[in-house]
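Under the heading domain 'UBP-type', TrEMBL lists 159-275. According to TrEMBL, the Zn(2+) binding site annotation covers Cys183, Cys186, Cys203. Annotation source TrEMBL lists substrate binding site at Trp193, Arg205, Arg206, Asn207, Phe208, Tyr249, Tyr251, Asp256. TrEMBL lists 315-777 with the feature domain 'USP'. Taken from TrEMBL, the feature active site, nucleophile covers Cys324. As annotated by TrEMBL, domain 'UBA' applies to 611-652, 667-708. Taken from TrEMBL, the feature active site, proton acceptor applies to His739.
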Amino acid sequence: MESKQIAHLAQTLGLKPPQHDTIVHKAECVYSTDTEKSPNGLYINLKTFESFGHDMISFDRAGKDALYLHVRKELVPVVADSLHEDGTPDNLDGSNEIVYKPKKVSEEVSHYEVCSTLLKEPVPLDMLPASAAEICRAIIDSAGFDFKTDEFVWKEYMEESKYAKHLIQIEAPPVINYEDLSCNRCGSTSNLWLNLSDGYVGCGRRNFDAGGCLDGEEGAAIQHYHDTGGVYPLAVKVGTITATSGDVYSYAPDEDAVVLDPYLAEHLAHFGLDVKSLYKTEKSTLQLQIEQNERHNWSEMNGIDGEVVYGPGLVGLDNSGNTCYLNSAIQLLAAVDELASYFVSHYSDIAENLPADVNPHDDVLLQFAKIVRSLVTDRVINQQLELVKRYQVACQEAGVEYVEPEQYKNFSVKPSMLKYSIGKLKKQFSTNEQQDAEEFLSCFINLLDEISPEIKRRCKTPLTMKDMFFFQTRQSIVCDSLKKITYNDSETHMISLPLFSGDKSEEGLDDNEEVLLTECFKNWAQDQDIDYFENDTAHQAVIKNTFLTLPNYLIVSLQRFFLMPNCTVKKMGNPISVPTEGIVLEAYSEEDNTGYKVEHNTREAKKAKTHVNSELFKTLLAMGFKEKLCRLACEKSDSSNVDECVNWILSNMDTVSEESSVGDKNSADVAANVSLLMDLGYPREQASKAAEVCGNDIAAAVDWIATNELSSKNGTTKRATYRPVGIISHIGSNINTGHYVCHINRNNQWYTFNDSKVLRSDSISAANGYIYLLKRCDGVEGQSAEHTT
């Protein structure tokens, strides 16, 4: 009965098998971090090919009559007589690819069935009608949006090389003996790259702790590219070539990345190599990058060798190939209790109110919410503990001794969809290259701030990013000879501090000299002598930096990297010390400027819109709102959306009514000016008082704000004490290489987040800090329920 019903549904829904270019989501639920290995597996919609966790099916916009392929992978023990005792690879698949793992003690068994709310019970794969079975088999065989042994690369990331189709290949090429290759320069037999133009074989490039030739020099393969004039850009990694793939790298400056070479078989045939006879013997570039992080000696970083722990707030993030920068930044943000609580409590709102024209996997807001929810709640913990329990029972039933599976040693999730969604908006983070954690963190905070209207639309309550992170600074240029002071005010969410005062030369610095974080603040605020030019005449002047407001969370980045005269980047590796009593900061205090001419450099105020949508205006009037509110709402709205105008009226009603005694026209002007000042980044309290004092003169209102100290939402006092609650550390000599880890303080206990591993630290790990998250001490630090493995 169910089989006939499935056939009818498949025909009614117009179900078709996925084509070779169809995106199939089979690696992870688009609304959660559930995978096919989760206790309840994944449910793949047979029409949209989107995947859902068991408790996420309600978010599927395809409707209640949808058909799903239910996929669940179960870990089962392997009995002794099925093991290979000679140490040879125990599973060579059809492509002859070696699986890199020790002797098997367990294996995964896949379970498939089709289900729907319209069916009384699930239908096994072998009982499906032919049409539905064909679709299911196509999904199972599809690679889709998937990643393999932590080599996840969205298909959009790896592009076809522009040089592949018309690649230059020399005449009379050498015949390559694939079984007996070595570096043409140093003789090494590992990490070899074969140039696809002339057959040159050389070692791969150096990484921060490995690679390059045996003599320690840069890899011969890339050196050969430069030595031959940069006309032979493509090289394939020896040992990664199979009948279907190979690790190809383009050394060309305009690509400089792992690329696709659709003509790889033809290019190799030029040297007498038949890809059908080749098999994988070495790991790919991305696999090696991940393993470098795992095997590197982290002894130079304090707190890296602690006991593995897990619990809410103690969940790791898997490295998908050079994603440690993203992992560290996301862990840092998840440690901000207010931010994490917001996204956890509003997760359903974010998911349910997803715009109809937006795909779930493209939505940064949804993907960030689902990652934060997995990191700080017990959802992932409970799921993995359930899997461990099931495997223990299976071992007991099979009479096999329980050995903790490698995949259960850490509690972690994959941030792949989050990275993908960010890369769609910010192209600089769409590749698998290592990135600067500071740049990413700053970009992502700005992104959350930019989409705050959409966050408020979905969640009905605003996310106060400015209250949490943003603050104002002032740079004062004081020229005594001209009796002139220029104030340059700006708003930001991160402050960059020099390690040393300006009178020290970077080249002569001692990397072993310990630096107090408090001294870095003093270096930033230190007076700097400059020449101030007016009418082509130089005058001595002094630059001073100070805070105008103090945020709840202060993000500090240290200026560890600097440019040498030879245009190379060098890193200052000085250990950093943070005083246990915290760091006391003071905001700007009013100075005696008597006798000085004062100028303010601020952003130009936005002009209020004068055009009013008449139909929208009438609609709002008919809803009972006052005329002045309706007109202002129409002027401020960027569209003809009634809901947006109503939201503006409700948000600004108090401001307009407070000034009603001035008269309708004047009241409306004041309200408009308040809104304009708030658009410039000033808190409502400052904007309201400035508009009241200065009336219609926006420039005067800005000057008034700049010269009058006011308490505001995002800077409530002139003095505050900060203590570190999070630190991102960097190991390596270059900003675009090395490795990032994150240290978080939860309930007065420090933890180190090294990608998927979470370790308890005995003390604060501030020495290698690159980015510091400082919290005002009058708050309550986040809690964690810690368990050890």
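Every residue gets a Cβ built from N, Cα and C, even glycine.
Feature annotations (TrEMBL) mapped to structure.
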{"residue": "Cys183", "record": "Zn(2+) binding site", "CB count, 10 Å": "22"}
{"residue": "Cys186", "record": "Zn(2+) binding site", "CB count, 10 Å": "16"}
{"residue": "Trp193", "record": "substrate binding site", "CB count, 10 Å": "29"}
{"residue": "Cys203", "record": "Zn(2+) binding site", "CB count, 10 Å": "29"}
{"residue": "Arg205", "record": "substrate binding site", "CB count, 10 Å": "19"}
{"residue": "Arg206", "record": "substrate binding site", "CB count, 10 Å": "16"}
{"residue": "Tyr251", "record": "substrate binding site", "CB count, 10 Å": "21"}
{"residue": "Asp256", "record": "substrate binding site", "CB count, 10 Å": "14"}
{"residue": "Cys324", "record": "active site, nucleophile", "CB count, 10 Å": "28"}
{"residue": "His739", "record": "active site, proton acceptor", "CB count, 10 Å": "25"}
I want the residues beyond Cys183, Cys186, Cys203 whose C-beta is within 8 angstroms of the mean position of the Zn(2+) site's C-beta atoms, in chain order.
Ser182, Asn184, Arg185, Gly187, Ser188, Leu192, Gly202, Cys213, Leu214, Gly219, Ala220
Can you tell me which recorded positions out of Trp193, Arg205, Tyr249, Asp256, Cys324, His739 are within 10 A of Cys183 (Zn(2+) binding site) by Cα, answering none if there aren't any?
Trp193
Among the recorded positions listed here (Cys186, Cys203, Cys324, His739), which has the Cα closest to the Cα of Tyr249 (substrate binding site)?
Cys203
For the domain 'UBP-type' (159-275), what does DSSP give as the number of helix, strand and coil residues?
15 helix, 21 strand, 81 coil
Check the Cα-Cα distances from His739 (active site, proton acceptor) to the binding-site residues Cys203, Arg205, Arg206, Tyr251 and tell me which is shortest.
Arg206
What is the nearest of the recorded positions Cys186, Cys203, Cys324 to Tyr251 (substrate binding site), using the Cα of each?
Cys203
Spatially closest candidate among Cys186, Cys203, Cys324, the listed recorded positions, to Trp193 (substrate binding site) (Cα to Cα):
Cys203
Should Cys324 (active site, nucleophile) be counted as helix, strand, or coil on the basis of DSSP?
helix
Which whole-number mean pLDDT does the model give the domain 'UBA' (611-652)?
71
Whole-number Å distance between the CA of Cys203 (Zn(2+) binding site) and the CA of Asp256 (substrate binding site)?
17
Measuring Cα to Cα, how far is Arg205 (substrate binding site) from the residue listed as 'active site, nucleophile' in Å?
20
Tell me the Cβ neighbour count for Tyr249 (substrate binding site), meaning other Cβ atoms within 10 Å of its Cβ, over all protein chains shown.
24
List the Cα distance (Å, whole number) between Arg206 (substrate binding site) and Cys324 (active site, nucleophile).
19
Rounded Cα separation (Å) that holds between Cys186 (Zn(2+) binding site) and the residue listed as 'active site, nucleophile':
32
Alpha-carbon spacing, Asp256 (substrate binding site) to the residue listed as 'active site, nucleophile', which is rounded to whole Å:
20
